[in-house]
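S.K.: Sharing the feature lines straight out of Swiss-Prot:
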BINDING   GLY376, ARG377, SER378, GLY379, SER380, GLY381, LYS382, SER383  ATP binding site
DOMAIN    29-310  domain 'ABC transmembrane type-1'
DOMAIN    342-578  domain 'ABC transporter'
TRANSMEM  16-36  transmembrane segment
TRANSMEM  69-89  transmembrane segment
TRANSMEM  153-173  transmembrane segment
TRANSMEM  250-270  transmembrane segment
TRANSMEM  275-295  transmembrane segment
Amino acid sequence: MTIEKDESTWATFKRLWPHISLYKAGLGVAVVALVINALSDTYMISLLKPLLDEGFGSADSDFLKKMPFIILAMMFIRGLSGFVSGYCMSWVASNVVMRIRRQIFNHFMHMPVSYFDQESTGRLLSRITYDSEQVAAATSKALVNIVRESASIIGLLGLMFWNSWQLSLVLVVIAPVVAFAISNVSKRFRKISKNMQTAMGSLTATSEQMLKGHKVVLSYGGQKVESERFDNISNHMRQQNMKMVVAQGLANPIIQMIASFALVTVLYLASVDSIKETLTPGTFTVVFSAMFGLLRPLKGLTSVTSDFQRGMAACQTLFELMDMDKEKDDGTIEKDTVKGDIKVDNVTFTYPTADGPALRNVSFDLPAGKTIALVGRSGSGKSTIANLFTRFYDVDSGEISLDGDKIEDYRLPNLRKHFALVSQNVHLFNDTVANNIAYASEGKFTRLEIEKAAELAYASDFINKMDDGFDTMIGENGASLSGGQRQRIAIARALLQNAPVLILDEATSALDTESEKAIQSALDELQKDKTVLVIAHRLSTIEDADQILVVDEGEVVERGNHAELIAHDGAYAQLHRIQFGD
């Protein structure tokens, strides 16, 4: 599960900064353009003083004649700087988000299976999509506004103090109050943003659950149940959005009200004789206009704080994910090939979320080139043993070795390349048939080898009938294929990999009897000179195994070949009678 911890905005931004600083050229250009944009506004206000004191106050002044050209030039500079800053910041933001998304995606692929057992897919998708978009908003729109409005405030303050430091001293009193208000608003925005992330994760998870289980929903008339579930979650999301709206709506007028006290005070002080004597109409107008002009950047800073805090909250969540431990891979052994001699010695294993062990003191030898079958009731621990071979999970105690070396001593990628897995839960990718059969081979196999593997898996007939044959896109998880067709492609994938150790976890469970017999012949050919672990419910498929282990409640309760177990008349013989009606 994701570890919740609260970091300060500054601490989170410091961690985000290395990602942003990689694109400092674009960032630097954007900052310069933003400062120019802000200073152009300040310069426009500063023109009021010569306009009033010289333009209208002097008969021979030609300042009025220059004003139209100055305004046109400033508008051009303002427009150009606005475009450059917007483009550069968007470029920086898109690259930062792409980089973070890639890191999250790659981190997900190296996280232990146990993590995904506890997290919903929808919530994880929300991290890659929604949360990263909030980071984009923080690094583009938010940073643009923060830099521009901050530069505007600094420029206007400088202009005010330059023209009348006496009137401008009012801000020394007002500034801490405004800073305190913005600080409190930021904390509120951060809290609401975290809640919105959680709500969005629930929304995505609920939607994904309904879409994946659409047939079940229709079959059981679950539309009302799912609709009510989604209504509740979407209403929670709406409530969080409204809380953000309320926070933003109250923050702006409160801060502007505080700033308005400064305006009122300036008007009052301007009437004091000692100060009034130092003011010209132009000076007073510039100071008052600059102070009034501060309201816009103050409002902008308050508004953008919500986007920035939302982005920082998303950053914190993403960084928490990136801080989570990857699969433990401390091994150093790498072998091009192995014999496939496997020993399981007194292994006990408990799933992270389970109360009791799934396996208890399991021991057996699987010599190279031999076949061992695991049989037993559902949930007895058969598939768990297969998962331990490839280190999808690590044992609590005991040891599993491959060719005399503990599997923990192998590097994970190297260990797994020695195993070919055909599971009852087939996963296919939204790609061509050929690419699914040769998945992750990176050009290692020729087209002829791919087609040969499909032929051995008795998949060629239905593949060749497709519109584009082996180049046909099969949709998400092979949605356009039947269960048997999907499983035959998975078998072809294992045939092509030709690994020394083969794990067949209910490999023919989705096939009809005729297809099963055909594929069994291919599997028999495939198993020659290989170490094979077969997990099966259909006892007819494992009668020729060198040894059969009967697993019950995580323990091996019987072992022997088919004839020996039938003669023993124990648990295996009972299963055999149930299936064959003997």
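Quick reminder: no glycine exception, Cβ is built from N, Cα and C everywhere.
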S.K.: Tell me, if you would, which residue among ARG377, LYS382 (binding-site residues) has the fewest other CB atoms within 10 Å in the structure shown?
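M.R.: Comparing Cβ neighbour counts within 10 Å for the binding-site residues ARG377, LYS382 gives ARG377.
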S.K.: For SER378, SER380, SER383, listed as binding-site residues, tell me which one has the smallest number of other Cβ atoms within 10 Å.
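M.R.: Ranked by other Cβ atoms within 10 Å, the binding-site residues SER378, SER380, SER383 bottom out at SER378.
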S.K.: Look at each of the binding-site residues, GLY376, GLY379, GLY381, and point out the one with the fewest other Cβ atoms around it within 10 Å.
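M.R.: Each of the binding-site residues GLY376, GLY379, GLY381 was scored by Cβ atoms within 10 Å; lowest is GLY379.
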S.K.: Where does SER383 (ATP binding site) sit by DSSP, helix, strand or coil?
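M.R.: DSSP call for SER383 (ATP binding site): helix.
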S.K.: Quick one: which residues besides GLY376, ARG377, SER378, GLY379, SER380, GLY381, LYS382, SER383 have a Cβ within 8 Å of the ATP site's Cβ centroid, in sequence order?
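M.R.: Filtered neighbour residues, in order: THR384, VAL551, ASP552.
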